[in-house]
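Visitor: When I checked TrEMBL for this same protein, it listed these features:
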type    : residues                                               : note
DOMAIN  : 63-165                                                 : domain 'THUMP'
BINDING : Leu183, Leu184, His208, Phe209, Arg265, Gly287, Gln296 : ATP binding site
Amino acid sequence: MNRVFLCHYSEIGLKKGNRNYFERILEANMRKSLQRYLPEEKFSIKKDHKRFLVYFTEDVKIDLVKSALERVFGLVNFSPVTTVSLEMSEIETIALKLMEKRPEKTFAVRTKRAEKSFPLTSQDINVQVGARIAEKTGKKVDLTRPEITCHIEIMRDKALIFVERFPGPGGLPVSASGKVLTLLSGGFDSPVAAYLMLKRGGKSAFIHFHSYPYTNKFSQEKVIELARILNQYQFNSKLFMVPFAETQEEIVFNCPDKLRVILYRRFMMRIAEALAKKEGYKAIVTGEALGQVASQTLENMGAIEQVITLPVLRPLVGLDKAEIISMARRIGTYEISVKPHDDACTRFMPRKPETRAKLHEVLKAEEGLDVEGMVQKALEKMELVEI
């Protein structure tokens, strides 16, 4: 005997002409996520009128299904359902059985008809099924704030009935918007930025800049842990580890103290863009939020991204720190990010960093540097970690 989960998407339904494209990616991602928890012979997926039905064998644990589906971007919610015929007597009987098991005292019945040729309207079904439940259980109808809702969806050849609804992460399916490269540090911000890009359909590879041997390897270990958490929302992630200490030393010895942070960031951007163009990533993603630290002013952001031509995406730009930390807790990166570590930039931080950079001063500071050679050297020493 099979059990069934009904999976709804939301935003994809607005895509009209492109909906099939998004649906194909969503179905593939659902399959990949489920395969992490279950053998493929234990489940099957069927698209049915702007919904997905996932069939499982009887021995599959519900918690495994939840763990898989709650990490699939594009799904807005999913529910374990009972499938019945389109006979009203059977719909009433199964709805009653489901509600009899529930302790809640007030309820509502909500019906959606994907099959508009069904002889009863949604309201007719609500009234008829609700009356049977109220009569047999003693529960009170409350259409404003019910403690529990019995959902009925009328399909072409069956009805789906359910009382539980689990939230999905929403957004667009990962890969639907293309590939991006995210600058990933061990802090709070960049993992949240990566998560938000995943939610908008951007499959992300990660690049991390470290200052080993001036710092220990803990920052690298943290980033690998963070990438593994983010990989739960996508599949087969790449993490590029770039030794950055030599680049920082060149800047410290040859450039004005106050411009160090901006110059570090400009070189990170150059290195990231060179990698992105080679690997086919269409944008660079950072965890910058406007005004949060010295390098994150409009002037400095402009001076930093002036060195590259790819789009620079900043999902956190309008968020404050409390909002970012709250999201980090929710997605599971907080406990790793909160651990102390030496950051690639802070190791060589100036006493008073520039907060309103003038581009002509920045360009003059770089005149004595072998920019192309420094970028190439960092890329040659870069290591790839497959997640």
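Glycine residues also receive a Cβ, built from the backbone N, Cα and C atoms like all the rest.
TrEMBL labels come from automatic prediction, so no person has curated them.
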Visitor: The record lists Leu183, Leu184, His208, Phe209, Arg265, Gly287, Gln296 as binding ATP. What's the largest Cα to Cα distance among them, in Å, rounded to a whole number?
Guide: 19
Visitor: What are the DSSP helix/strand/coil residue counts across the domain 'THUMP' (63-165)?
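Guide: Reading the DSSP string over the domain 'THUMP' (63-165) gives 36 helix, 31 strand, 36 coil.
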Visitor: DSSP secondary structure for Arg265 (ATP binding site), reduced to helix/strand/coil, please.
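Guide: Where Arg265 (ATP binding site) sits, the three-state DSSP reduction gives helix.
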Visitor: Under 8 Å between C-beta atoms and at least six apart in sequence, can you list the same-chain neighbours of Leu183 (ATP binding site), or say none if there are none?
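Guide: Those within reach of Leu183 (ATP binding site), by Cβ under 8 Å and sequence separation of 6 or more, are Ser190, Phe206, Ile207, His208, Phe209, Met268, Ala272, Ile284, Val285, Thr286, Gly287.
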Visitor: Within 10 angstroms of the C-beta of Gln296 (ATP binding site), what count of other C-beta atoms is obtained when all protein chains are considered?
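Guide: The Cβ of Gln296 (ATP binding site) has 21 Cβ neighbours within 10 Å.
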Visitor: Please identify, from the binding-site residues His208, Arg265, the residue with the sparsest Cβ neighbourhood, meaning fewest other Cβ atoms within 10 angstroms.
Guide: Arg265
Visitor: Tally every other Cβ atom lying within 10 Å of the Cβ atom of Leu184 (ATP binding site).
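Guide: By my count, 29.
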